[in-house]
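Quick look at what Swiss-Prot annotates:
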type: MOD_RES; residues: SER9; note: phosphoserine
type: TOPO_DOM; residues: 1-36; note: topological domain 'Cytoplasmic'
type: TOPO_DOM; residues: 58-62; note: topological domain 'Lumenal'
type: TOPO_DOM; residues: 84-97; note: topological domain 'Cytoplasmic'
type: TOPO_DOM; residues: 119-122; note: topological domain 'Lumenal'
type: TOPO_DOM; residues: 144-159; note: topological domain 'Cytoplasmic'
type: TRANSMEM; residues: 37-57; note: transmembrane segment
type: TRANSMEM; residues: 63-83; note: transmembrane segment
type: TRANSMEM; residues: 98-118; note: transmembrane segment
type: TRANSMEM; residues: 123-143; note: transmembrane segment
Amino acid sequence: MEKLRRVLSGQDDEEQGLTAQVLDASSLSFNTRLKWFAICFVCGVFFSILGTGLLWLPGGIKLFAVFYTLGNLAALASTCFLMGPVKQLKKMFEATRLLATIVMLLCFIFTLCAALWWHKKGLAVLFCILQFLSMTWYSLSYIPYARDAVIKCCSSLLS
């Protein structure tokens with residue numbers, strides 16, 4: 001359990017300086033952070049599934065877009081409980097995942113704009129699909145060589 005705790009907090013086997021320890025310190029215990037991660041993640045999945053179910057109701061495109069986006073935001077925010085918000089933001093905007101992060105955040109915004117203000121149902125669905133793809137690409141950036149494997153797989157299917 002201790003090794004899992006060190007890996008999730010980013011303290012593999014290195015000693016941190018006092019400033020880094022103060023900035024990364026969390027007032028929540030590891031068990032509390034793990035519980036809130038699970039709660040937030042489950043809520044995110046629930047909202048996404050609820051939004052998908054609402055898609056089939058008359059006029060449900062707007063509700064689908066809102067709940068699907070809220071679900072994805074909650075699932076993304078759940079990792080803040082594991083790493084801490086500052087460390088999560090630093091990792092999100094590292095060079096390897098900067099483009100994926102920007103596209104993902106723009107898809108969140110454009111999905112809500114298309115559904116709530118522009119009233120363009122097709123555009124809202126398109127942005128939800130792009131949201132799913134960008135979140136997948138963002139998530140793959142945390143797995144070593146996963147993006148390369150997906151690119152090779154897709155290129156071999158297309159050629």
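Glycine is no exception: its Cβ is also placed from the backbone N, Cα and C atoms.
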Seminar exercise, completed: Under 8 Å Cβ-Cβ from the topological domain 'Lumenal' (119-122), and at least six residues away from its ends along the same chain, one finds 61-62
Seminar exercise, completed: For the topological domain 'Cytoplasmic' (144-159), the distant same-chain contacts (Cβ-Cβ under 8 Å, at least six residues beyond its ends) come to 137
For this session: Could you tell me what the rest of the chain brings near the topological domain 'Lumenal' (58-62), counting residues at least six beyond its ends with Cβ under 8 Å?
Result: 115-116, 121, 124-125
Exercise. How do the residues of the topological domain 'Lumenal' (119-122) split into helix, strand and coil according to DSSP?
Worked result: 2 helix, 0 strand, 2 coil
